[in-house]
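Lifted from Swiss-Prot, the feature list:
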| type | residues | note |
| --- | --- | --- |
| SIGNAL | 1-16 | signal peptide |
| TOPO_DOM | 17-529 | topological domain 'Extracellular' |
| CARBOHYD | Asn23 | N-linked glycosylation site |
| CARBOHYD | Asn37 | N-linked glycosylation site |
| CARBOHYD | Asn53 | N-linked glycosylation site |
| DISULFID | Cys67-Cys292 | disulfide bond |
| CARBOHYD | Asn78 | N-linked glycosylation site |
| DISULFID | Cys79-Cys91 | disulfide bond |
| DISULFID | Cys112-Cys154 | disulfide bond |
| CARBOHYD | Asn180 | N-linked glycosylation site |
| DISULFID | Cys296-Cys320 | disulfide bond |
| CARBOHYD | Asn300 | N-linked glycosylation site |
| DISULFID | Cys488-Cys492 | disulfide bond |
| CARBOHYD | Asn498 | N-linked glycosylation site |
| TRANSMEM | 530-550 | transmembrane segment |
| TOPO_DOM | 551-565 | topological domain 'Cytoplasmic' |
| LIPID | Cys554 | S-palmitoyl cysteine |
| LIPID | Cys561 | S-palmitoyl cysteine |
| LIPID | Cys564 | S-palmitoyl cysteine |
Amino acid sequence: MKTTIILILLTHWVYSQNPTSGNNTATLCLGHHAVANGTLVKTITDDQIEVTNATELVQSTSIGKICNNPYRVLDGRNCTLIDAMLGDPHCDVFQYENWDLFIERSSAFSNCYPYDIPDYASLRSIVASSGTLEFTAEGFTWTGVTQNGGSGACRRGSADSFFSRLNWLTKSGNSYPTLNVTMPNNNNFDKLYIWGIHHPSTNNEQTKLYIQESGRVTVSTKRSQQTIIPNIGSRPWVRGQSGRISIYWTIVKPGDILMINSNGNLVAPRGYFKMRTGKSSVMRSDAPIDTCVSECITPNGSIPNDKPFQNVNKVTYGKCPKYIKQNTLKLATGMRNVPEKQIRGIFGAIAGFIENGWEGMVDGWYGFRYQNSEGTGQAADLKSTQAAIDQINGKLNRVIERTNEKFHQIEKEFSEVEGRIQDLEKYVEDTKIDLWSYNAELLVALENQHTIDLTDAEMNKLFEKTRRQLRENAEDMGGGCFKIYHKCDNACIGSIRNGTYDHYIYRDEALNNRFQIKGVELKSGYKDWILWISFAISCFLICVVLLGFIMWACQKGNIRCNICI
């Protein structure tokens, strides 16, 4: 009977013990910060993983206006670049202008004799890249012809006029002699000459202007020769004219000679444009020009260039992000986010990083929560936080350096005859965009994977550092927490945090407390064994008592037992 009572008391004592309720132990948990609502990013292994913070890498909107700083932006208003170069009367204001970017408006129009340029895109690109309409007149000698022809389709003020940079030559009296003119280039730069040929609408107009039934224009240099014959015939009426002028251009290198031979229909140059090599360009846009600063310009307006990618427009000028198809790419700049649970752990608010993050920790990425004789507390570990931040800082700049190539992408224009070239160019551009879009997504996924891995690694480093400090003075409780087997006040906790903890000071106390607590702190497996042993002994004692009672009753004659065979 005494044995039963002792076993019952022992079992009750085992279950009633709470080793953490005394003042001679403490609990320390390590964790990382978390936010209630994180940001989803893509990594190599996961399409969607939540992180505490992320930065958008794709610029998807413009500011709606074109900034005039740091580039000199010239508003073409009602003039195209070619009209300004030829000297259309309503574009005289642009003579001798300079620009970094010439803006052509959709409202631009020609207001002179109707013309066409067989290689319009090339001429436009050459003039645009020069960045100037600086013009130098030269003393061409045209003998036996009438100069400075004009037309009612090209009025300057109230008088008939013509393109100011061209000289329309017609008959003088009843003759149009063969013209042979040379002009050497004795300068050390390239000269751009603009000339043309007139296509009358009828044979009568041809002979009326040039005497000959068919003229011819030949322009030559040491490197090239162009011979053009007029195509006489009626064309759709434009500004009262059914004739046309075809504009051509010739570049004369230093030391070369320009030679012009013609017996009619010549629209002669008056001088040359000085060729310059630069990064100037031309762009079609209806966005307003305003006083602001932006290093990247698109037809939609200027955009910031602090992101490596943009989805605003393929056509750009300046220091611009790479164009990609994606509307969004997010670069992880924080750690993996595990929102804090409402109820957890035996200590309520104290739970380690294995279980979840801590939303209340705002002064660092990693830190400690503890419970000791002085209460509970929390503190950030600034060293591990700074180590993670140092590795993440500069990621955005590195991505920009890898992708943000400083260049300008001009518009591509092709005539109908060049349809195959246009298709090929479009295919090449689309392929480049597809390739960059894939590379961008892969690059960001790799960087995100690296960020998450390194922040996880910093958490593990802090845990291992703490474990090595505590040694046998504490036990890993799992979930990122330690049970410290000695009295550890706030100063002691602080020494663990800053790495000055000396486990030898507390070793004897910890070992003594560990043995005392381990003697009664039985884990669930041992408790089960004690329960089974206690149950078996109790049953045995009950049987012994019952058997003894029966034997005693038989001896007294109170119970009679007959055995028959």
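The backbone N, Cα and C atoms fix where each Cβ goes, and this holds for glycine too.
Everything Swiss-Prot records as a feature, shown here on the structure.
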| residue | record | Cβ neighbours (10 Å) |
| --- | --- | --- |
| Asn37 | N-linked glycosylation site | 8 |
| Asn53 | N-linked glycosylation site | 16 |
| Cys91 | disulfide bond | 27 |
| Asn180 | N-linked glycosylation site | 11 |
| Cys292 | disulfide bond | 12 |
| Cys320 | disulfide bond | 26 |
| Cys488 | disulfide bond | 29 |
| Cys492 | disulfide bond | 20 |
| Asn498 | N-linked glycosylation site | 12 |
| Cys554 | S-palmitoyl cysteine | 12 |
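Looking at Cys67 (disulfide bond) and Cys296 (disulfide bond), their Cα atoms lie 9 Å from each other. With the fewest other Cβ atoms inside 10 Å of its Cβ, the least crowded of the glycosylation sites Asn78, Asn300 in this structure is Asn78.
Cys154 (disulfide bond) and Asn37 (N-linked glycosylation site) have their C-alpha atoms 67 Å apart, to the nearest angstrom. Comparing the disulfide-bonded residues Cys67, Cys296 by how many other C-beta atoms lie within 10 angstroms of each C-beta, the top residue is Cys296. DSSP assigns Cys492 (disulfide bond) to a helical segment in the three-state reduction.
Comparing CA positions across the recorded positions Asn37, Asn53, Cys554, the one lying closest to Asn300 (N-linked glycosylation site) turns out to be Asn53. In the predicted structure, the topological domain 'Extracellular' (17-529) carries a mean pLDDT of 86.
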